[in-house]
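Take a look at the structure set out below.
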Amino acid sequence: MEATAPRRRHLLPLLLLLLLLCGECPPVSGCNEKRMLAMLPRCGKTFAEMMKKVEVWKWCNLSEFIVYYESFTNCTEVETNVVGCYWPNPLAQSFITGVHRRHFHNCSVDRQQWQDPPDEILIPLIVVPILLTLAMTGLVVWRSKRAAQVV
């Protein structure tokens, strides 16, 4: 019993120190969505400030601002983790989507329209394999008949 008393005396200051140091730790109870939604706009504001350095006509070229976008993504991840939320989550994704709408609404993916090649190219591409298949089949049949006659 006497050995446990000194341990208990040291335990209380350690617990108090832990509580003091862990004042900014994420809550154990889970995600604090209100705090997350209050903190994420800082990331958006910082990203908007960085995007001002890029000319507007270059906003659709990811290579022009990839460093800024990476910083924005890291910021949203850190802010959601600080408040005890996982990342990505639906609220963070909707915030990120809003930032995308604000900055990249004029960027559309140009879908390439595929067309068949001209008939001069298409017909040989179809006919040659068919003729080769028929020729090889005929050759195999002819050789097998010839081999049967030799025996």
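In case you wondered, yes, glycine gets a Cβ from its N, Cα and C as well.
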Exercise. Based on what Swiss-Prot records, which one of CYS31, CYS43, CYS60, CYS107 is disulphide-bonded to CYS75?
Worked result: CYS43
Seminar exercise, completed: Between ASN61, ASN74, the N-linked glycosylation site label in Swiss-Prot belongs to ASN61
For this session: Would you mind checking which of CYS31, CYS60 shares a disulfide with CYS107 in Swiss-Prot?
Result: CYS60
Exercise. Tell me, how many other CB atoms lie within 10 A of the CB of ASP116 (site 'Required for CALCRL interaction'), whichever protein chain they belong to?
Worked result: 7
For this session: Measure the Cβ-based neighbour count of SER144 (site 'Required for CALCRL interaction'), defined as the other Cβ atoms within 10 Å of its Cβ.
Result: 9
Seminar exercise, completed: Long-range Cβ list for CYS43 (disulfide bond), cut-off under 8 Å, min separation 6+ in sequence, same chain only, gives PHE72, CYS75, THR76, GLU79
Exercise. If you measure ASP116 (site 'Required for CALCRL interaction') to CYS107 (disulfide bond) at Cα, how many Å is it?
Worked result: 28
Exercise. Per DSSP, CYS43 (disulfide bond) is which: helix, strand or coil?
Worked result: helix
